[in-house]
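Q: Mind having a look at this structure? Questions to follow.
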Amino acid sequence: MRTAYSVETVRHAEAQLMARLPEGALMQRAAAGLAAACAGLLGRVYGARVVLLVGSGDNGGDALYAGARLARRGAGVVAVPLARDRVHEGGLAALLAAGGRVADDPFEVLASADLVLDGITGIGGRGGLRQDAVPVARAARGSDAVIVAVDLPSGVEADTGQVRGEVLRADATVTFGTYKPGLLIDPAKEYAGTVRLVGIGLEEHLPSVPALEALQHADVARMLPVPAAESDKYRRGVVGVVAGSARYPGAAVLCVAGALRGGAGAVRYVGPAADAVIARFPECLVHAGPPGKAGRVQAWAVGPGLGDDAGVVEEVLASDVPVLIDADGLRLLDAAAVRDRAAPTLLTPHAGEAAALLGVGREEVEASRLDSVRELAARFGATVLLKGSTTLVAAPDAESSPVRVNPMGSSWLATAGSGDVLSGLAGSLLAAGLGARDAGSAAAYLHGLAARHAAAHGTPITALEVAEALPAAWRDVSAA
Ligand SMILES: NC(=O)C1=CN([C@@H]2O[C@H](COP(=O)(O)OP(=O)(O)OC[C@H]3O[C@@H](n4cnc5c(N)ncnc54)[C@H](O)[C@@H]3O)[C@@H](O)[C@H]2O)[C@@H](O)CC1
Ligand SMILES: Nc1ncnc2c1ncn2[C@@H]1O[C@H](COP(=O)(O)OP(=O)(O)O)[C@@H](O)[C@H]1O
Ligand SMILES: [K+]
């Protein structure tokens, strides 16, 4: 599990750690890790041309001390202080003592740099880059240099992943002590490049519940259901799929395709697209009547391609088993019925659907994914999986359940019907006994990994191919 902590928590942990260390020791640890990472990127340090963009805080201090280390190894290091009267003094003295210098003309040195260290702002930055930093940042980006962000790309919001103005896009980010949410969530994540975490001893001072967590193979492997020796299809769980309509029969087929690969012992399809489902998947049980008459299930997935049948959504919500609501189901649901449920509910909106549920514009959700998913989970008293370039899963008990961010995506997933596969898959995991947060985040992970398999040759993929690649994803994860 990778974890991210808020700025407030990081500062608190830093204060505790600093109280036990000699003055400046923490910054030296950060600078040492940063210099080592830069050396790795440069290959050959001796003779390399390194430019430091130095803001007025400790982020600039890190850059200066790292620059001093590179200068001692023979790099030509030049500092560009953004506010001449407010530069980390110790850092500047160290750089000058190591043979570095301050630039006369920032644009001239940037034009021929091999590597630029962005130490303009870290966790102390607010809003996008200030106007005076913008021309220098643009010149850096316009050069051929590798850009390495110190702790965070300057200009992003560390706690939320929002971008409120100009940001200096990095090729790599070296972050200290812990990931920050902004390094894992779009749009900020897009500016970070490859992220490397450098330990500075902060770990033991961080609380057990982070702000954000990202699953890895082994975490997902622990969640995946494996049938016991005496298991049967009912004990493994039956998932009911309520999807598709005369107009959208394909959504039913895709949702069932995901559900069949999600670990439930049986998939029961309920709705008007039974013929299309059976033609493709003879192993699926089908029922044309209402969900309540379809037979027992351990979880429902309702909504993809449903059209306007609000009655079935109401009926499923009235059941006492876990329910996943997607697509049309999100439009048709009664919010009070969701809030009143005793069994878990998992909502899986994309940004447009989330915006409609919140009564805001789609852009607002895309710009502030973390706040949006938290707000939805709180409002509906449900677990919410917000889909898109960064998929987030938030549970209603925010204090004890950090938001999960899915690290395993592929932009090839932006193809019609792939969301239907995801909801079937997550519904199947719910039926197999996973909690809503685990079912949603494990499903997003497998779905993203399956998409990477399907798109391995760099070609466009279809939603059905994503479903067909789920066993390969499951295998990868289980092998971990
Ligand atoms: N506190 C610690 O113990 C450690 C801190 N470290 C470094 O210190 C950083 C935090 O340092 P600070 O708290 O001094 O804050 P920063 O250096 O991140 O930024 C604050 C400074 O940037 C200016 N600023 C704010 N918003 C700006 C904007 N939009 N455009 C341009 N300038 C802006 C402010 O006037 C302020 O002087 C971390 O990100 C990390 O790099 C590391 O050395 C590890 C140890
Ligand atoms: N740019 C992107 N990068 C990664 N994944 C994406 C991107 N855009 C969409 N996705 C994923 O693709 C799926 C699309 O689902 P959805 O929007 O419901 O489409 P549909 O309704 O056509 O099935 C979701 O799993 C979503 O997270
Ligand atoms: K920075």
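Don't overthink the numbers, they just go from 1 along the chain as shown.
For all residues, glycine too, the Cβ spot is worked out from N, Cα and C.
From TrEMBL, for reference:
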type: DOMAIN; residues: 10-208; note: domain 'YjeF N-terminal'
type: BINDING; residues: 58-62, 122-128, ASP151, ALA251, GLY305, HIS350, ASP420; note: (6S)-NADPHX binding site
type: BINDING; residues: ASN59, ASP118, SER154; note: K(+) binding site
type: DOMAIN; residues: 216-477; note: domain 'YjeF C-terminal'
type: BINDING; residues: LYS387, GLY388, SER389, THR390, THR391, GLY419; note: AMP binding site
Q: At the level of the C-alpha atoms, what whole-angstrom distance separates SER389 (AMP binding site) and ILE123 ((6S)-NADPHX binding site)?
A: 24
Q: Fill in the CA-CA distance, ASP118 (K(+) binding site) to LYS387 (AMP binding site), as an integer in Å.
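A: Given the Cα positions, ASP118 (K(+) binding site) is 31 Å from LYS387 (AMP binding site).
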Q: Please list residues from the chain of ILE123 ((6S)-NADPHX binding site) whose Cβ is under 8 angstroms from its Cβ, counting only those at least six apart in sequence.
A: VAL7, VAL10, ARG11, ASN59, ASP151, LEU152, ALA158, LYS180
Q: Can you figure out which of HIS350, THR390, THR391, GLY419 (the binding-site residues) comes closest in space to SER154 (K(+) binding site), comparing Cα atoms?
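A: Going through HIS350, THR390, THR391, GLY419 one by one, the Cα closest to that of SER154 (K(+) binding site) is THR390.
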Q: Among the binding-site residues listed here, ARG126, HIS350, LYS387, whose Cβ has the fewest other Cβ atoms inside 10 Å?
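A: The binding-site residues ARG126, HIS350, LYS387 were compared, and ARG126 has the fewest Cβ atoms within 10 Å.
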Q: Using an 8 Å cut-off from the Cβ centroid of ASN59, ASP118, SER154, can you name the remaining same-chain residues around the K(+) site, in sequence order?
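A: So the extra residues in range turn out to be LEU53, GLY55, GLY60, ALA63, GLY119, ILE120, THR121, GLY122, GLY125, ALA149, VAL150, ASP151, LEU152, PRO153, LEU168.
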Q: Sequence order is fine: just name those binding-site residues in ASP58, GLY61, ARG126, HIS350 with a Cα within 10 angstroms of THR391 (AMP binding site).
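A: If one measures from the Cα of THR391 (AMP binding site), the binding-site residues that come within 10 Å are HIS350.
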Q: What average pLDDT is reported by the model for the domain 'YjeF C-terminal' (216-477)?
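A: Taking every residue in the domain 'YjeF C-terminal' (216-477) and averaging pLDDT yields 97.
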Q: Cβ under 6 Å from ligand 3: which of the binding-site residues ASN59, ASP118, SER154, GLY388, SER389, THR391 qualify?
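A: The qualifying binding-site residues are ASN59, ASP118, SER154.
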Q: How big is the gap, in Å, between the Cα of ASP58 ((6S)-NADPHX binding site) and that of THR390 (AMP binding site), rounded to a whole number?
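A: Counting only the Cα atoms, the answer is 30 Å.
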Q: Please list, in sequence order, every residue of the chain apart from LYS387, GLY388, SER389, THR390, THR391, GLY419 whose Cβ lies within 8 Å of the Cβ centroid of the AMP site.
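A: Close Cβ neighbours, site residues excluded: HIS350, ALA351, LEU386, LEU392, ASN406, GLY409, LEU413, ALA444.
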